[in-house]
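The disulfide bond annotation in Swiss-Prot covers Cys53-Cys65, Cys54-Cys63, Cys59-Cys66. Per Swiss-Prot, leucine amide is recorded for Leu67, and the stated evidence type is similarity to another entry. What Swiss-Prot lists as signal peptide is 1-17, and the listing cites sequence analysis.
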Amino acid sequence: MGVVLFIFLVLFPLATLQLDPDQPVERYAENKQLLNPDERRGIILHALGQRVCCPPESCTDRCLCCLG
C-alpha cells in the first residue's frame with residue numbers, strides 16, 4: 001500500500017511536471033502579476049475563447065470592433 005501511495009503522490013506528479021529549465025514557474029507567475037488588469041483580462045478572455053470589445057481604431061483578432 002505504501003508503494004502505491006508513493007507512486008501516485010510523488011512519482012506521478014514529478015513525471016507530469018514539465019518545466020522549462022530557463023524559465024522557472026516562479027518567474028513566469030511573477031511576470032503575469034506585473035501585467036496591468038486590462039492586459040490580464042484580455043489574456044484570460046483570449047484563453048477562454050471569448051472576445052473583448054475594442055474601439056474601431058485598435059481592432060485585432062483578439063477583440064470585436066465596437067461602433068461608438
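Using N, Cα and C of the backbone, Cβ positions are placed for all residues, glycine too.
Fewest other C-beta atoms within 10 Å: among the disulfide-bonded residues Cys53, Cys54, that description fits Cys53.
In the three-state DSSP classification, Cys53 (disulfide bond) falls within a strand.
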